[in-house]
């Protein structure tokens, strides 16, 4: 039941000092207090107090406003909260000041909760002021016409402001034509306001859409619109949403020259229509209008009802007139949900159930008939768009039809009639919880709004329903459509697509390059440096330089070298370009356009430690520079934005007016004339002058002039943000920064390493709100915050300790939907935000890093690469002036050392690490790139093994991978091969005492390892059992010996598929005298056994890669250091790739042997290759005679010549 209070004053008060106040007879959720202010009033605040001398007071309530006493609008706070806090006792006055004044005649207060030991009780005061306005009403066929006698200048500011209300979702609000045939139009289309610009008003096209704002603007409530022009900028504001657009040509002065023109004119009310300071409605009353325009607002009464939750339903009885042959039920609805029950009822004869419902955003009619097949009809599509849709169900003697949106929609028919009677109960939206057989709903409950319910063309009086005089209902909001567009404005960032249901919204980030509930956080890294430290090798990567900031990611090539991660940014012409001289052409100009947008280019250069760009100029009789007093003949433009003219050239200092050739000659003369063919090339390295944007070359018109230039790509390495770090060595120390501004979206990311078990990484406080990230234990990180809904905590537990002095990554994000936390690669933890709650995070203290304002629970350790909403905090600069904090944080190999593969060694650097591949058979940024060569019959490689004292005595000291450094108790040999040859010798190593090791493919395509351990003993043959190795696929073999045990592993990368081990319990003795190490070729001056000699004569044809004998990488030395005196190459050895073939075999074998104990064998602890002796080695095929007085390792693939 409602209670009404009327008053003639502009401030209405029922706050009483004596006994009194409002208290309804029944305290339940269906009560309200309504106040009629008797005219439209600007309401600024409300105050509440409990009932005097009682235990009756409200603890929470809703506020509704209306101009007519119908079609109420719920007032929401800034965070879209509906509920207002009430009182805690009967005497204290609690005032709430509206964030924006509300203009209305009627106010309704709806109690939500009250003192549990009392009743609903209230004293109320409303604060406000008189409101006056000028109003005009248009019936859809009329218009207002204004012609300005004075046109404003192009530089002047123009403003058009108005308010409107309508029940129609489409129509033209404004059409303005100005100078030079330009026009602007404000058009209402499906409840949204669209701004169009047209350059040619005579054209039949509708113009170009500039911006779209607002939603659900056909709700019969007042909406404020403001359109401003500032030079070439247009600002459009709809209620609280604003957008700015930049127009070219549309910036002309438009004025209002012609009437509103559209195929569909606006139907509704306009209020306070102002052009600058000119009141246009006052002018319209002086006959500046066409058609039926009235100057009052005619507001049709349309009562809507809102189905708010799964318990909502509306029950109505059938009509006595339904005994007639034709029966009709109609309604209008609007919703965001794709599914929901609209109407259901049971028919007694024949026994059946009728359901009209939404499924997949289509209207469907289902009739379940006892003992007969279910009948189904469907019509319409996309009915969950938030627009009003009209539905009509008509049953006649021989037909049944459902219609959606009449002419604009679709109709479906069937010949089965519905015999409706007066005792039928109709259920709209859902069923009562205890409904029995009278209502069943196998579908979702409808959530949305309904209006204009009609039974046989008789409109249902929903106000009687509200007063319990008609039908029954539960959990409905009467005389209000409470639909909310959660996608306008959209909380989805970076182009994420917003979709919604009645109570929630979802962001589709699939094509945006961002992730998270609101597409806030970037999917990509911010630099090539960051990609490298995730183990990525050279290639094209998307770079997002500002993370969650506004700059879009771009595809950029990253060149990962052993000590650098280069970002290579191409432009439109990196080729050598010839300049053709012409007597008529005195200058040649070239402009360079870069793929990244300007903001991204500037950010890359700014955050990089070093940038460079090659600038080359080759010429004859085409001078660059003039005399010191004269203007230069040529120059280039570089730097941020449009750039600045630069008169220095590669290798010189800015503003020096010098070039590379002049610096080499220690003068400017060679740059002045260059009458002979000259080349002036070098690198531009001053970041303030990069990138090169254009080039102007003069002195090219003389006879005999020749000129060519090349501007290379921009190359940058190093990421100052990625390595920006600080070390906190005291619990009471911290760094402080300005307040973090992340009201609606906040992301925080950083890396840390510590040996401490707890500490606060970050804290920022507000009056009530706060945000904090801390290490709560040695294995847990906690992200806690409060935005006004109470503290929220997100926790990630790790199964391994996080205080292991290794780098760990933390990423926390908070948005209007959820708070999330990710640590390293562990699954992210999330906590959803309340569906109806505060969403703005309001902070006002300083931001504390590494500690708190109370100097308690401080963090001990390193924090690196701290970013807030994509902006890096400069920890190092702040640490330089802060006691207890040191800039920088060394020690990265503990975290990144595992990226160095294949025996590569991690090397510490001040702000990074690098992989030293000297001890590896591989090369590349992570020692991951194979070093391979294809062998043919005319090719060979000989590698000479020398003891270290010989290498130092002759002054030739190759890299560590060039000389032997074997273990005294064993050796490790590995290689990869691809061949179709069988049999074939893969590897051979011998000693001065005629001991040898041979690895080969036998005649059965199987792998064999042979050891000759003593010149007087037989060869020991160890078979792996792996066959079909001469199949043209890549295979990897690893041989390891420790004392008397030898293991052979084939295709180690597939070891998990098929692994077996064979053990020979024999002892391995090997002489200390080693002569030769080789692959597929035998060497030495002694006679070989017959079988090996036959294999050697065949040579080797195929591909070998990653050949390694302990620390010796002979193939790598031959390909990358061919000039050393330890390598002898015969034939055109060219680096290739063995790994480009098809995958290796899908089975693996590992064999472990013990070599037989033979009398007279050497000590098993001795290595196969002794670095003190002079031995030799061979790889890859056949070799000529090698001297036995030095060590050699050969890779050969030639036919046997002489032994």
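Cβ from N, Cα, C; glycine included.
Among the ranges 951-970, 971-990, 991-1010, the one that TrEMBL lists as region 'Disordered' is 951-970.
Looking up the ranges 1138-1167, 1168-1197 in TrEMBL, the one annotated as region 'Disordered' turns out to be 1138-1167.
In terms of C-beta pairs under 8 Å, the stretch of 1-129, 303-481, 724-889, 890-928 lying closest in packing to the domain 'Fibrinogen C-terminal' (519-571) is 890-928.
With a cut-off of 8 Å between Cβ atoms, the residues of this chain six or more beyond the domain 'EGF-like' (890-928) that come close are 529, 532-533, 535, 537-538, 560-563, 565, 718, 723, 753, 805-807, 959-961, 974, 1106-1108, 1111, 1113, 1115-1116, 1120.
Cβ neighbours within 10 Å of residue 889 (disulfide bond), excluding its own Cβ and spanning all shown chains: 24. For the domain 'F5/8 type C' (1-129), the model's average pLDDT works out to 85. Taking Cβ-Cβ distances under 8 Å and a sequence gap of 6 or more within the same chain, the neighbours of residue 862 (disulfide bond) are 725, 726, 727, 728, 752, 753, 754, 889.
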